[in-house]
């Protein structure tokens with residue numbers, strides 16, 4: 001894996017201690033709700049089999065792995081950015097903020113943070129800066145990122161299920177807030193409410209129309 005070709009001495013220390021946090025996000029594309037991120041530090045003495053990119057796992061498998069990760073990980077934390085923050089900052093910067101919150105909230109301070117994707121924000125924990133690397137498709141390559149992907153995905157899906165119970169006419173349980181035909185039809189008929197991202201073009205167009 002390419003990430004291991006650019007390790008610094010500080011990174012090597014991090015690997016030797018095992019304090020590596022994997023970070024991933026879910027929910028950049030939906031029209032509604034928070035963007036959700038997770039940071040996970042796995043226990044090398046309690047390996048978890050079957051970890052992978054959450055999008056490649058069935059809902060049943062994700063739920064089972066979610067419980068196992070919560071039980072076996074040294075620590076994990078969920079970070080998020082609200083629709084209001086997304087509208088203020090834009091989705092990219094809001095996602096970076098949510099990732100920073102996830103890492104800052106860990107009970108243990110990682111020495112290295114591995115982030116899925118092609119960019120990584122500045123991370124700190126208790127005012128101490130942390131080395132980080134971004135890894136393209138890391139959620140299918142690095143166990144801790146896979147675990148973070150699963151924690152974030154299950155968390156956000158459950159929130160969409162709760163939103164579906166409160167607003168059944170929108171069909172959130174099926175489309176999870178993503179811009180599908182059924183979702184567009186629902187907001188055209190019923191309008192939008194506070195948890196919608198008003199800066200996103202389809203929502204903005206409806207509000208301005």
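The backbone N, Cα and C atoms fix where each Cβ goes, and this holds for glycine too.
Annotated domain 'RNase H type-2' per Swiss-Prot: 18-209, in sequence order.
Swiss-Prot lists 24, 25, 116 with the feature divalent metal cation binding site, giving sequence analysis as the kind of evidence. The Cβ of residue 24 (divalent metal cation binding site) has 30 neighbouring Cβ atoms from other residues within 10 Å, across all protein chains displayed.
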Residues close to divalent metal cation site centre defined by 24, 25, 116, Cβ within 8 Å: 23, 26, 37, 38, 99, 115, 117, 138, 139, 145, 148, 149, 152
Sequence-distant neighbours of residue 25 (divalent metal cation binding site) in its chain (C-beta under 8 A, six or more apart): 35, 36, 37, 95, 98, 99, 116, 152
Where residue 116 (divalent metal cation binding site) sits in the secondary structure, as DSSP reduces it to three classes: strand
Three-state secondary structure, which DSSP defines for residue 25 (divalent metal cation binding site): strand
PLDDT averaged over the residues of the domain 'RNase H type-2' (18-209): 96
